[in-house]
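Undergrad: The transmembrane segment annotation in TrEMBL covers 23-50, 279-298, 336-355, 375-396, 422-442, 448-467, 505-524. Residues or ranges marked as domain 'ABC3 transporter permease C-terminal' by TrEMBL: 285-398.
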Amino acid sequence: MRQGSRRASAFLARRSLATHRRAWAAVVVATGAAAALIGAFAFVIGSLLVAAPPVQRYAGADAVVAADQKVSYTAKPWGSEPRTATAYLPERARLDRSVLAAVAGADGVAEAVADDSVPVSTGDGRPAVGRSWPSAVLTRYELAEGRAPRDASEVVLDGSLAAGGPAPGEPVVLRADGTARTYTVSGIARTGHGGDAPPAVFFTEPRLTALAGHPGRIDAIGVVAEPGVPPGALRDAIGAVLPERSGVPGSDRGVRVLTGAERGEAERVDALGGRGDQLALLGSIGGTVLMVALLVIASTLSQAIHQRSGELALLRAVGASPRQLRSAIGREAGRVSAAAALLGGIGAVPLGLAMRSLLTTEPLPLPVPWWLPPASALTGGLLVALLARPVAMLAARSITRLRPAAALGAARADEPSEPGRFRTVAGVVLAFAGISSAGVATTQSGQAAGAAASGAAMSLVIAVALLGPRISRIALGVLGRPLRRVGGVSGFLAERAASAHTRRLATAFTPIVLVVAFVCVQLASGPTMERAAGQQASAALRADLVATGGGAGLPAGAA
């Protein structure tokens, strides 16, 4: 009995797919596009989660000790639980120099080197990074010519800076702390480490400390381990001797010991903050995109099922059981969703790569591990496949629940033109909430206005989805007469067909409303707020002209 029911359901599904090939093709395209969009966002978010700044400057260090760039603030609003806000500092947090001695005395440490840096430019304007000569070991620099600097007037140049330029013993003009000075090139250093790190200029340690301008504090500490010491043991040994705080008066930031790929975080202190901002932005947009995709899938599938409501009612009237109808519809939706999942999975990878190329930056390149393309494609396809079957069965519920005698009348009946009472009440409430949020957005500024505008858009879009048949009837009442006059016979037929099937019309325009709202609010809100912030910054600046000295700064007496 059960086997025969399954065969009947499979037969009905095959015949329906063959008969309604064009309708299901439209569903495949729409749901495939939704799967591709979901997979692309999963691709970019997955790449961001595993992204790390490249290790260049500390390629020769086994571990790096740096101050924690993350700051947290906990507040307890009245009548609620404490809340903690966390952010990354865009400026470098420095260590107290006393930490250097503690790190040097840890077990397994062969050498601990204080690492500071200052922006430098050559006489012809080429940018470079000024460092102390002892820190050259952290990047595996070795002298190719000459010797190490011995006093404040001598420097060692990176090989890329010295190419076609001064040789050892010759003068070179360098600009640091805004002042141009002439130094003597004592040597030329080269490194076997690849990458596109900026070239370095090496001073003596006392000279670099004077140029850095923060005596008693250092940017980071590079650690070279003794032979045979594993990274985990080195981390534990250093952590055991470190103070709980950074040692800077008034600071509550801890000290981090970075090994492996984490060492790049000490080089690019702004990378983690940028990653957090991008994740928050992608999470916000991705949530809206997911909502768009789900609504598109639900709308297209529901429309395809509702167009066949008469056919399904006739099958019910001639004796098809509710289980057979549900199974047949589920099989149809399953086969269609499988094709859509395959189509969307294929499109998710190139779309994700295109989005990745727009988001990757030099401080934080986005990697593509081998598992990411199939995982993102599987995410979009699996979501579509899991959603399609229950949506299709839910759309056909009104037919499958009918008795055979009543189903014959339903096959000839017109579709209901008005939504149910609960749907109407919910739509009115959401519309009121959306209009109220829009009013709040016009009276607020900053992030409060952006949040209110986003909430208003989502509330109004859901209200349109719930009140779609009523809205379409009102719109046809206003636009029907002009459509008949302008369109002639075609306009008359279009107006009559739309008036007879307001539910179908509502199903068609709801995804369009959602996409327009998404583009106008979600994508336009960021540039709008950025422009407003720029205008406020310009209004706050009273100077007629602003002079900058680039990375190397301006001289102390420039004012």
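Yeah, the Cβs are placed from backbone N, Cα and C, and that goes for glycine too.
No curator has checked TrEMBL annotations; they are predicted automatically.
It should be emphasised that the depicted structure is a prediction, and the values quoted were computed from it without experimental measurement.
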Undergrad: Below 8 angstroms Cβ to Cβ, which residues of this chain, lying six or more residues outside the transmembrane segment (23-50), approach it?
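TA: Beyond its ends, the transmembrane segment (23-50) has Cβ neighbours at 17, 275, 278-279, 282-283, 285-286, 289-290, 292-294, 296-297, 300-301, 304, 307, 332, 336-337, 339-349, 351-356, 359, 366-369, 372-373, 375-377, 379-381, 383-384, 388.
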Undergrad: Given the cut-off of 8 Å on Cβ pairs that are 6 or more apart in sequence, determine whether the transmembrane segment (375-396) and the transmembrane segment (505-524) share at least 3 such pairs.
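TA: Counting Cβ pairs under 8 Å (6 or more apart in sequence), the transmembrane segment (375-396) does not reach the transmembrane segment (505-524), since there are fewer than 3.
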Undergrad: Are there residues at least six beyond either end of the transmembrane segment (505-524) with Cβ under 8 Å to its Cβ atoms? List them, or say none.
TA: 284-285, 288-289, 291-292, 295-296, 299-300, 302-303, 306, 453-454, 456-458, 460-461, 464-465, 468-469, 471-472, 476, 498
Undergrad: Pop the mean pLDDT for the domain 'ABC3 transporter permease C-terminal' (285-398) in here, whole number is fine.
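TA: Mean pLDDT, the domain 'ABC3 transporter permease C-terminal' (285-398): 83.
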Undergrad: Treating G and I as helix alongside H, and B as strand alongside E, what does DSSP give for the domain 'ABC3 transporter permease C-terminal' (285-398) in helix, strand and coil?
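TA: Its residues fall into 95 helix, 0 strand, 19 coil.
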